[in-house]
């Protein structure tokens, strides 16, 4: 049994990924977190064999409006990776994102740039990324391949 943590706040994407995972022949136990805080709390309490991590996450579950406690963090997923690093937990992490670029402090950060940064900063955890889009099944093939390793 593979214990998998899926960290995702976008319900349509979450539904598609969970549906796909639940219909794979491999035995998966899927746990969902919808925010940075929820992910860290689950990591504190449970062991996961693999983590699928969205990059853009709210701080807390619930509202995502500006000024609320659940404000969206462009690199919230990076904070989850930092948390794993601080706790010396070496669970493999794959970023699953629907964005090809992210607004950064000094301009746009393209997905290949983010991949290089995460590979350099979190080599024990970060294992790659999967580009998710509703209009293609490429992400399914990538996800199936990594789970069969």
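Just so it is clear, glycine is given a Cβ too, placed from its N, Cα and C backbone atoms.
The feature domain 'Response regulatory' is assigned by TrEMBL to 3-127. Per TrEMBL, the feature 4-aspartylphosphate maps to 54.
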Can you count helix, strand and coil residues in the domain 'Response regulatory' (3-127) using DSSP?
44 helix, 34 strand, 47 coil
Express the predicted model's confidence over the domain 'Response regulatory' (3-127) as a mean pLDDT, rounded to an integer.
90
